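A.B. asks: Take this structure, written in structure tokens, and hold onto it; I'll ask about it next.
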Amino acid sequence: MKRLLAQYPNVSRIILATLLFAVVLVLSIIFNKGVVKQYFPYTAPILLFLATWFFYKGEGKTLKAIGLNFSLRNLLCLPLGILIGAFAFFGAKYLRAVLVGETFELSLSIDYSTILYAFYFILPQVATEELLFRGYLFKKTIEIFNVVVANVIFSILFMLIHVLDEGVLNNMGMIVMLGISIPVGHLLFATGLLKCKTLYFPIGLHLGNNWATRHLISSGNSGESIFFIPNTVVFDTWTPFIAMLILFNGFYLLVTFLIWKWNDLLLFRRKT
């Protein structure tokens, strides 16, 4: 094992990290049940966080290598990411509403406790996905190859975990939608990591976006979202569906581009 690590250090670490992360996910499934799942569903991200620390420690590095150290600058990137992630979804939905004639209405009776409590339950899910797909393995792949190759590999993997689901595979529309939207989402989150130099930022982006899809704008007046759309347009043919899907994701790409161009902002400069 030591000889293999010495001869192929990066590849060996990727293989070991993949195996350890798989073990971590299995353990989280075993322990994340019942009362634990109901009140503290954080087993998977905590174990992945520790595994990430372990591998960086083995390289003589700290969690600062991926921006998971608890500096004020890094921690502030979490709420900033939440705001931008929610804005990206709101902007894309508003663009669609303007183009197809949908309207936004304020929910008559908003369940604020449910809306706010959702952050607590969505956070472990998105943190797990970010640690897996934009974390240690993603950064090591960049070291071995380059950013483009790493983005292609992990956007495909990220897409597959969403598409390879029985409920999705039986719906061609969902396959097409996720096949386009998920890689765009990966590009947004990966760009956030590379420009902000901390994983807290893509965690925030992911959290804000996922929260917004459920609790900022929904299709029904259930009180579990701030706004709802009473006249949701359903497409009966592929052409308008694909066109709107491209425009919707185009807004996310615009947000990604703006993040990529934030180099000159003091907030996103690496401190020396």
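The backbone N, Cα and C atoms fix where each Cβ goes, and this holds for glycine too.
The following feature annotations were taken from TrEMBL:
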DOMAIN    114-211  domain 'CAAX prenyl protease 2/Lysostaphin resistance protein A-like'
TRANSMEM  12-33  transmembrane segment
TRANSMEM  39-56  transmembrane segment
TRANSMEM  76-95  transmembrane segment
TRANSMEM  115-132  transmembrane segment
TRANSMEM  144-163  transmembrane segment
TRANSMEM  175-194  transmembrane segment
TRANSMEM  241-260  transmembrane segment
A.B. asks: Sequence gap of 6 or more, Cβ distance under 8 Å, 3 or more pairs: do the transmembrane segment (115-132) and the transmembrane segment (241-260) meet that?
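C.D. replies: These two stretches do not touch.
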A.B. asks: For the domain 'CAAX prenyl protease 2/Lysostaphin resistance protein A-like' (114-211), what are the DSSP-based totals of helix, strand and coil residues?
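C.D. replies: Going through the domain 'CAAX prenyl protease 2/Lysostaphin resistance protein A-like' (114-211) residue by residue, I get 87 helix, 0 strand, 11 coil.
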A.B. asks: So, does the transmembrane segment (241-260) come close enough to the transmembrane segment (76-95) to give 3+ Cβ pairs below 8 Å, pairs being at least 6 apart in sequence?
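C.D. replies: By the criterion, they touch.
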A.B. asks: Residues sitting near the transmembrane segment (39-56): Cβ under 8 Å, six or more positions beyond its termini, same chain?
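C.D. replies: Non-local partners: 13, 16-17, 20-21, 24-25, 27-28, 31-32, 62-63, 65-66, 68, 121, 124-125, 127-128, 131-132, 135-136.
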